[in-house]
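Asks: The structure follows.
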Amino acid sequence: MSIRDWPEAERPREKLLEQGAATLSDAELLAIFLRTGVTGCSAVELARRLLGEFGSLRALLESDLAAFCGHLGLGVAKYAQLQAVLEMGRRHLAERLRRDSVLESPQAVRDYLKARLRHEQHEVFACLFLDTRHRVLAFEVLFQGSIDGASVYPRQVVKRALAHNAAALILTHNHPSGDARPSLADRQLTARLKEALALIDVRVLDHFIIGDGEPLSLAEYGWM
């Protein structure tokens with residue numbers, strides 16, 4: 001049965017317009033993105049099949065071009081469309097942070113950092129540079145690979161803070177394993193960077209670790 005033959009209240013697009021996007025299931029949201037199904041399979045049925053094949057919505061969204069296009073109903077055009085949607089979401093979050101103080105929008109900070117780093121397959125260390133009103137000046141990835149005390153250089157972080165004329169910053173890195181709990185090396189690195197940046201009067205407000213769930217804040221655990 002085509003989606004057009006469904007009761008109007010059950011059609012994903014009509015349901016979204018009437019009740020809001022948050023009320024839709026992953027399959028319904030994906031069906032709206034797909035727009036059409038394939039022969040003998042509605043968009044919602046195709047969406048359910050794809051979610052089953054990928055294992056989760058997150059896995060689908062974070063797949064590379066080859067993996068994405070290896071599934072029935074998906075191709076290069078859809079992949080490009082998906083990347084554009086994801087980038088618009090990241091830019092929307094970045095715009096919120098440039099407009100408001102990060103202290104007034106803590107969830108926006110978490111959402112933005114999660115959007116930027118959670119999909120990375122390798123460890124990435126980055127900084128969110130802030131002005132005197134704690135608005136975002138820039139986001140920069142500074143180091144990639146195995147993030148530990150030996151691979152992250154305080155001198156480089158200080159150099160970039162001075163280049164942006166930053167008054168404060170937020171440190172962040174991801175754990176590709178999905179476990180956001182900080183290691184002893186993570187905590188020692190945070191202390192070293194905090195000490196180095198204090199010499200140029202730049203405050204380290206927090207260090208977020210990005211895993212599978214909500215970003216973990218070292219400040220909230222008293223580890224700053």
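Cβ from N, Cα, C; glycine included.
For reference, Swiss-Prot lists these features for the protein:
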BINDING   H173, H175, D186  Zn(2+) binding site
DOMAIN    102-224  domain 'MPN'
MOTIF     173-186  motif 'JAMM motif'
Asks: Return one of helix, strand or coil for H173 (Zn(2+) binding site), based on DSSP.
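Replies: Once the DSSP labels are grouped into three classes, H173 (Zn(2+) binding site) ends up as strand.
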Asks: Would you count the other C-beta atoms found within 10 angstroms of the C-beta of H175 (Zn(2+) binding site) for me?
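Replies: I get 21 for this one.
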Asks: Near the Cβ of H173 (Zn(2+) binding site), how many other Cβ atoms are there if near means within 10 Å?
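Replies: Total other Cβ atoms inside 10 Å, all chains included: 25.
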Asks: Mind giving me a neighbour count for D186 (Zn(2+) binding site)? Other Cβ atoms within 10 Å of its Cβ, every protein chain shown.
Replies: 22
